[in-house]
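Asks: One structure, as structure tokens, below. Some questions next.
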Amino acid sequence: MEVNSIALIGYRGSGKTAVAQALAARLGWDWVDADVEVELRAGKSIAAIFAEDGETRFRDLEAIVVDLLALRQRTVLALGGGAILREVNRKAIRRCGAVVWLQASVTTLERRIAADPSTAARRPNLTASGGPAEIPRLLAERTPHYRACATLEVDTEGKTPSDIADEIVAALGLPSRR
Ligand SMILES: Nc1ncnc2c1ncn2[C@@H]1O[C@H](COP(=O)(O)OP(=O)(O)O)[C@@H](O)[C@H]1O
Ligand SMILES: O=C(O)C1=C[C@@H](OP(=O)(O)O)[C@@H](O)[C@H](O)C1
Ligand SMILES: [Mg+2]
């Protein structure tokens with residue numbers, strides 16, 4: 001099957017947003033971030049949606065956005081880390097030509113999340129503990145879903161987003177502009 005769209009999945013901090021931009025530049029495609037689209041629809045940040053309307057409202061908006069974005073052609077789609085939680089989203093994601101699971105260790109995820117200035121607005125606590133403590137359990141819970149959706153798995157440890165974009169282009173056999 002010809003690959004005419006790519007979805008990036010993986011835990012928070014795996015690099016979906018950063019790699020989507022690098023990958024789209026290689027391919028001459030558009031890129032889009034599901035979290036940005038949710039914020040535009042809600043007219044507020046993800047942290048504000050969680051605080052004022054609750055996580056379920058965020059997940060409902062995310063499902064609408066995923067359904068629409070999965071129809072795009074020549075687009076790299078950066079999903080939120082929890083987009084794979086709903087079966088309806090997993091079905092939509094599988095409609096993309098390729099689904100790439102970006103992987104990193106818990107330590108690396110923790111470090112990237114803590115250093116990212118967008119974390120305060122985009123990554124509210126998902127459990128009562130919140131913070132780094134929730135990562136190992138949620139990653140373990142979500143891993144079967146990432147695995148079930150992915151058509152390609154990429155280890156991001158020690159690689160830059162640019163390296164990772166090159167690796168994906170090569171693995172999918174797509175023509176690169178570089
Ligand atoms: N391969 C990488 N190596 C080092 N830092 C990275 C890498 N990928 C992403 N980052 C950084 O980690 C943070 C989270 O990346 P982001 O792309 O927002 O992840 P995600 O969208 O999967 O949550 C950002 O500050 C980003 O610049
Ligand atoms: O893992 C999650 O459930 C979430 C991940 C975030 O996206 P990133 O994976 O881009 O950080 C964002 O969608 C929201 O905070 C929920
Ligand atoms: Mg992101």
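Glycine residues also receive a Cβ, built from the backbone N, Cα and C atoms like all the rest.
Remember, predicted model here, so these are calculated numbers, not experimental data.
Copying in the features that TrEMBL gives for the protein in this structure:
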- Gly13, Ser14, Gly15, Lys16, Thr17, Ala18, Arg123: ATP binding site (BINDING)
- Thr17: Mg(2+) binding site (BINDING)
- Asp35, Arg59, Gly81, Arg142: substrate binding site (BINDING)
Asks: I need the CA-to-CA distance for Ser14 (ATP binding site) versus Gly81 (substrate binding site), whole Å please.
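Replies: Cα-Cα, rounded: 9 Å.
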Asks: Nearest to Lys16 (ATP binding site) in three-dimensional space, by Cα, is which of the binding-site residues Arg59, Gly81, Arg142?
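Replies: Answer for the nearest of the binding-site residues: Gly81.
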Asks: Closest of the binding-site residues to Arg142 (substrate binding site), Cα to Cα, picking from Gly13, Thr17, Ala18, Arg123?
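Replies: Result: the closest of the binding-site residues to Arg142 (substrate binding site) is Gly13.
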Asks: Rank the binding-site residues Lys16, Arg59, Arg142 by the number of other Cβ atoms within 10 Å of each Cβ and report the first-ranked residue.
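Replies: When each Cβ's neighbours within 10 Å are tallied, Lys16 leads.
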Asks: Given the binding-site residues Asp35, Arg59, Gly81, which one's Cα is the least distant from that of Gly13 (ATP binding site)?
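Replies: Nearest listed residue in space: Gly81.
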Asks: Can you give me the same-chain residues 6 or more apart in sequence from Asp35 (substrate binding site) with a CB-CB distance under 8 Å?
Replies: Thr17, Ile46, Ala78, Gly80, Arg122
Asks: Using CB under 6 Å from any atom of ligand 1, narrow the binding-site residues Lys16, Thr17, Ala18, Arg123 to the ones that qualify.
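Replies: List returned for ligand 1: Lys16, Thr17, Ala18.
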Asks: I'm trying to understand the geometry here, so how far is the Cα atom of Ala18 (ATP binding site) from the Cα atom of Gly81 (substrate binding site), in Å to the nearest whole number?
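Replies: Spelling it out, the Cα of Ala18 (ATP binding site) and the Cα of Gly81 (substrate binding site) are 13 Å apart.
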